[in-house]
Amino acid sequence: MSQERPTFYRQELNKTVWEVPERYQNLSPVGSGAYGSVCAAFDTKTGHRVAVKKLSRPFQSIIHAKRTYRELRLLKHMKHENVIGLLDVFTPARSLEEFNDVYLVTHLMGADLNNIVKCQKLTDDHVQFLIYQILRGLKYIHSADIIHRDLKPSNLAVNEDCELKILDFGLARHTDDEMTGYVATRWYRAPEIMLNWMHYNQTVDIWSVGCIMAELLTGRTLFPGTDHIDQLKLILRLVGTPGAELLKKISSESARNYIQSLAQMPKMNFANVFIGANPLAVDLLEKMLVLDSDKRITAAQALAHAYFAQYHDPDDEPVAEPYDQSFESRDFLIDEWKSLTYDEVISFVPPPLDQEEMES
């Protein structure tokens, strides 16, 4: 929020009162979820259309308050072409005592990868460019020691020039309920995170990229499981059942016992599964869709794979500034999280206008 307080105006949209600076005009609702509602708006200062998100009850509980602080800290930190960043953050409150609402402003992204896959069969060159950009964004995110956790086509925004941004970090851990049944939330999830096998690492995101890449190449969801067990069966049918080395790493005894009860299956030949695909694409998929997360390719390694030869530029694949997430282990009260969040709102410095390059 800029230093001198702007003039705000109030408007009711979908039974929610929005109180925003005059800079943002023509608000129109575009969606809402558990954690907030989003409006498209015209930013009179830049001439661009933006997305304004009003967080829902940001401080109603300690969990909400910490989530609000986490989302703001993450968005403020992200400064990369392939990752959604923060254009503005504001509150109508004039003081910490009045502070109850948080609004976040980001680029308005037109389509997501879901829309793109449904509409057209993609060429191999399209797939190269899209997956390259996801990995370029992931290298940046992972370098800050952040894991997205929820990469899927609907969390990848693409404009008409095929430029891509990663959205919606896995800020809130999904509940068991949201992961149950025939749901996309789970189809792109690495087995170790879906089934709580073990402590997971950044390569959970690489598994998701493999699932997305396979879908772009074939036009079909790779592992559309109807439930957790069906999902695991679909995965093991492709990549084979785990060997002794991986079984030893699975800390959950019940998961280990269940896997050992299944019939042994060999890994399929990916070239026979992805018929007609570029052999380099198939080779990369084999390195991403590895059951043992310790042996999965990293984002930085994947960028150097021959499949991306025409896009890879080691001097233009930046890493992030260090990100201090020591707050994650803190047990603060609501008012303490609220005060920390207020400080982050007040201290926000908007990006230079020429960085707002991506209009969709």
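Cβ coordinates are placed from backbone N, Cα and C, and glycine is handled just like the others.
Annotated ATP binding in Swiss-Prot involves Val30, Gly31, Ser32, Gly33, Ala34, Tyr35, Gly36, Ser37, Val38 plus, out of the candidates Lys15, Lys53, the residue Lys53.
Looking up Thr44, Thr68, Thr123, Thr180 in Swiss-Prot, the residue bearing an annotation of phosphothreonine is Thr180. Cross-referencing Tyr9, Tyr69, Tyr182, Tyr258 with Swiss-Prot, the residue annotated as phosphotyrosine turns out to be Tyr182. For the ATP site, whose binding residues are given in the record as Val30, Gly31, Ser32, Gly33, Ala34, Tyr35, Gly36, Ser37, Val38, Lys53, the maximum C-alpha distance rounds to 14 Å. Across the structure, Asp150 (active site, proton acceptor) and Ser32 (ATP binding site) are spaced 18 Å apart at their Cα atoms. Secondary structure at Ala34 (ATP binding site), as computed by DSSP, is coil. For the pair Lys53 (N6-acetyllysine) and Val38 (ATP binding site), the C-alpha distance works out to 4 angstrom. Among the modified residues Thr16, Lys152, Tyr323, none has a Cα sitting within 10 Å of the Cα of Val38 (ATP binding site). The CA atom of Tyr323 (phosphotyrosine) is located 27 Å away from the CA atom of Ala34 (ATP binding site).
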